[in-house]
Amino acid sequence: MPKRTDIQSILILGAGPIVIGQACEFDYSGAQACKALREEGYRVILVNSNPATIMTDPEMADATYIEPIQWEVVRKIIEKERPDAVLPTMGGQTALNCALDLEKHGVLAEFGVEMIGATADAIDKAEDRSRFDKAMKSIGLECPRADTAKTMEEAYKVLDMVGFPCIIRPSFTMGGTGGGIAYNKEEFEEICRRGLDLSPTNELLIDESLIGWKEYEMEVVRDKADNCIIVCSIENFDPMGIHTGDSITVAPAQTLTDKEYQLMRNASLAVLREIGVETGGSNVQFGINPKDGRMVIIEMNPRVSRSSALASKATGFPIAKIAAKLAVGFTLDELQNDITGGATPASFEPTIDYVVTKIPRFNFEKFAGANDRLTTQMKSVGEVMAIGRNQQESLHKALRGLEVGATGFDEMVDLDAPDALTKIRHELKEAGAERIWYIADAFRAGMSVDGVFNLTNIDRWFLVQIEELVKLEEQVKAGGFAGLTEEVLRQMKRKGFSDARLSKLLGVAESEIRRLRDQFDIHPVYKRVDTCAAEFSSDTAYMYSSYDEECEANPTDKDKIMVLGGGPNRIGQGIEFDYCCVHASLALREDGYETIMVNCNPETVSTDYDTSDRLYFEPVTLEDVLSIARVEKPKGVIVQYGGQTPLKLARALEAAGVPIIGTSPDAIDRAEDRERFQAAVERLGLLQPQNATVTAMEQAVEKSREIGFPLVVRPSYVLGGRAMEIVYDEQDLRRYFNEAVSVSNESPVLLDRFLDDATEVDIDAICDGERVVIGGIMEHIEQAGVHSGDSACSLPAYTLSQEIQDKMREQVEKLAFELGVRGLMNTQFAVKDNEVYLIEVNPRAARTVPFVSKATGAPLAKIAARVMAGQSLESQGFTKEIIPPYYSVKEVVLPFNKFPGVDPLLGPEMRSTGEVMGVGATFAEAYAKAELGCGSVYPEGGRALLSVREGDKQRVVDLASKLVKLGYQLDATHGTAVILGEAGINPRLVNKVHEGRPHILDRIKNNEYTYIVNTAAGRQAIEDSKVLRRGALAEKVNYTTTLNAAFATCMSHTADAKASVTSVQELHAKVKASLEA
């Protein structure tokens, strides 16, 4: 069936901000869907609140709404745009839930909008646990013994049937939010109560435990003529009991017999037919009991998922793009496979002649007090994928691509320590983020494969692979550098050992290993991902390295520019940097360069095979990048766009003769190196907070007496404020040195005077050597001391005077010329008592670039990429700052609900995972939209609790009177109540937890509050008030930990976030009109 002609316009629902469990794989699927549908001539309308996405670029859809993904807001968009159909399968759980809401509230019927890609009934059947179980039984498939419960009473009834241990999951949530494994009554009670609260339908599914079973996934695509193909089978290295998003996974499945594979394949197809997924991609999960082979079906997702992004990258088969076309009526045999240049139709099942490994990336170090053991609730923040010719090579490449400091199977434990074995056994039994390394240590300590299997339930086949690598390491160590013959070295490289790992094992420099490889002429060749195991030739340059015989790279002799990506997502380095890399590639392609992308993150648009001319799916390490440069010989390499990952390589790449374009590595170092930067600042006569660099604790104490407290302390060279703290006295400072950092001459610690209550400002600018143009001035809403990545901000500034802004503009220009910036630069200032203090300068793409580009309509990353390639700003027509005639607010999304036990107080360490944007005619409206976009719904009135620190007591009176005007009744803790009483506002007095009951926590648990404002300073005060913030989070009460944000919230109460919707295209037309005027 060719495409449908009875629909002309289609609304695509996006996934919103990046949260744990739902990351940038949905930007990848959404961007593909937009492209695919417009290719077929449909008018595409998109809604997504996340500005850091490629899909929300104005050229991706006909009308783009960066608005909250809430049914009332989407109703406004439907009313205005009148789409014929809505496609909800591209935006994860957020989009599915929103589509079901639109259906439930009659919006789709009211405007005659058809749901395509999945029906409301199919979504409900797959998501509603009891319906799903019934459906599976009807086709003869077994599900785990389970039942649903809507109350604690029902939960205990189910428990009698399934017994301990049992797995508890709330319905309609994603990433396993609120779920867990209960081994006893107490845990059962706690997890069930939390789950009932978090499920939008207040329903739990309680399953028998399949812990230790093998877990598999099938990625299936079906069209309306009932053609079905399996795109890819995926095997979880980690057994059941660990969320698949937190498991190491391997494709294709390695340990299934052919018979088991066929059974599973047939079962998957039966599931899709039964659930009624007429078109598109779905993911079906199975569990197999290794003892007796019993197979059960765990769940299915009737949408594009994290696994389908992985399967697309693993096979080269673009699931989202194909799914979008199937949704409008095409069948698989009518669609061509792009990778083979149309030689094969999309109905050919991909075959692969390599092994793919995915390893999740965790950020537990950011969440002190979090439980870092892996369970059924997803906790990873990103992932890395690697391709190799065998399992060992694939695994090794993934380990070094993770960027956690591992060069391979590095040792975790000192085996001579008396408790070494105890530690290893604990880490194997209670899986944490580093279990894979402890497995290697177990073999080093003499444990057997069976011994490790009994503790981990990881299939013995995988364990044998790791054991063999450990044995090889021992042999190489024993043979020494002299024993590294051509044959031995080639064998090690074929098994994926990195030069860095070999150099560590042999105690020589990494460059020595590289020299030896040159001498023996041992270099990687590049193979193509072609969907067909080389049966047909492929024009698509999608490459991975291996130490095989034949190279398929076939480089051209065009002018090329290579862009280095950011590797796996992590907090502090996420989708914003990928956005910049994609823009660099797009801009330079338009200018006739051949672009080469190097990255290893399977979720992103940058690793899509048609984003760049050539894609190398490789770890972003020195060795891997140099090998690619050796084959491709690029004219220039861009390291400033992928965050800290490529930036760390800049100097070494330059030393190896690789041409870095844009700001030079030396200029980058001048901005990052404390002493060199200070010299530049002094030469320009700019103000900086007093600071010092120290290499020992006593020296720090001495300096602190000169500078004075509070101080910001942090190690030098970090991204996302890792290990950064504000200390308030000498005792606090000593504790920091003893607990938080290891300080030495190589790794000094920086001390800065902390400007309490200052307003922080972020400025993005571009310099081409002749002129500097400001991209945008963003005023932070949270005051200084909250990491810039965790602060909301407004463009244009909403309180700063023109005079102060001009002062900053002047300073940015001076700095850009002084540092010799070519391309993007980000500068941070703090404003206090009408003085401008320079905090830092980053001569690279910052995480604010996508937001500024959406707010002003100027594609900064593209403009700057062209500057790096030699074009001037004037020749591109970008010569003056754009100040839009409306307000844009960026607000962040924090993952505290995934980490019970962590204090949600904002501070200098970045912990947000994503962002949303709100736009309005006034600051109040923009802020209200941003708050709605990240899920904060502020009720009108109710009771507010105020408990603030000493430094905020002057301003709290003003805040209290604003809240009273808005209809709130007030409660306050003792110190705050006294101040308010003196000003004639009489709040109800409440007890702190140690002052007797009923205390604050009791009142929070009784749902007495609709809003809480709590600010704290100093180690002790923060510790004491932590229960209040945790309580607010647990009971879902809106709370603010800075006064500035509380004032902004009061302002936003005066605006209606759901009143009007405006597309990005309309906004940018307003900018254009105001520029022409």
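Backbone N, Cα and C define each Cβ position, glycine as well.
Swiss-Prot has this to say about the protein:
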- 1-403: region 'Carboxyphosphate synthetic domain' (REGION)
- ARG129, ARG169, GLY175, GLY176, GLU208, LEU210, GLU215, GLY241, ILE242, HIS243, GLN285, GLU299: ATP 1 binding site (BINDING)
- 133-328: domain 'ATP-grasp 1' (DOMAIN)
- GLU299, ASN301: Mg(2+) 2 binding site (BINDING)
- 404-553: region 'Oligomerization domain' (REGION)
- 554-935: region 'Carbamoyl phosphate synthetic domain' (REGION)
- 678-869: domain 'ATP-grasp 2' (DOMAIN)
- ARG714, ARG753, LEU755, GLU760, GLY785, VAL786, HIS787, SER788, GLN828, GLU840: ATP 2 binding site (BINDING)
- GLN828, GLU840: Mg(2+) 3 binding site (BINDING)
- GLN828, GLU840: Mn(2+) 3 binding site (BINDING)
- 936-1077: region 'Allosteric domain' (REGION)
- 936-1077: domain 'MGS-like' (DOMAIN)
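Proximity of ARG129 (ATP 1 binding site) to non-local residues of its own chain (separation of 6 or more, Cβ distance below 8 Å) is seen for ALA146, THR148, SER171, GLU203, LEU205, given in sequence order.
According to DSSP, GLY785 (ATP 2 binding site) sits in a coil region rather than a helix or strand. Counting other Cβ atoms within 10 Å of each Cβ, the lowest count among the binding-site residues GLU299, GLU840 belongs to GLU840. Non-local contacts of ILE242 (ATP 1 binding site) by the CB criterion (under 8 A, 6+ apart in sequence, same chain) comprise ASN236, LEU374, THR375, THR376, ALA431.
Cβ crowding, taken as the number of other Cβ atoms within 10 Å, peaks at ASN301 among the binding-site residues GLN285, ASN301, GLN828.
The region 'Oligomerization domain' (404-553): residue composition by secondary structure is 79 helix, 11 strand, 60 coil, according to DSSP. Within the model, the domain 'ATP-grasp 2' (678-869) shows a mean pLDDT value of 91, rounded to a whole number. Following the DSSP three-state reduction, the secondary structure of ASN301 (Mg(2+) 2 binding site) is strand. When Cβ neighbours within 10 Å are tallied across all protein chains shown, the highest count among the binding-site residues GLU208, GLU215 belongs to GLU215. For the recorded site, ILE242 (ATP 1 binding site), the DSSP three-state label reads coil. Across the structure, LEU755 (ATP 2 binding site) and GLU840 (Mg(2+) 3 binding site) are spaced 14 Å apart at their Cα atoms.
Ranked by CA distance from GLU299 (Mg(2+) 2 binding site), the binding-site residues GLU208, GLU215, GLN285, GLY785, HIS787 have GLN285 at the top as the closest.
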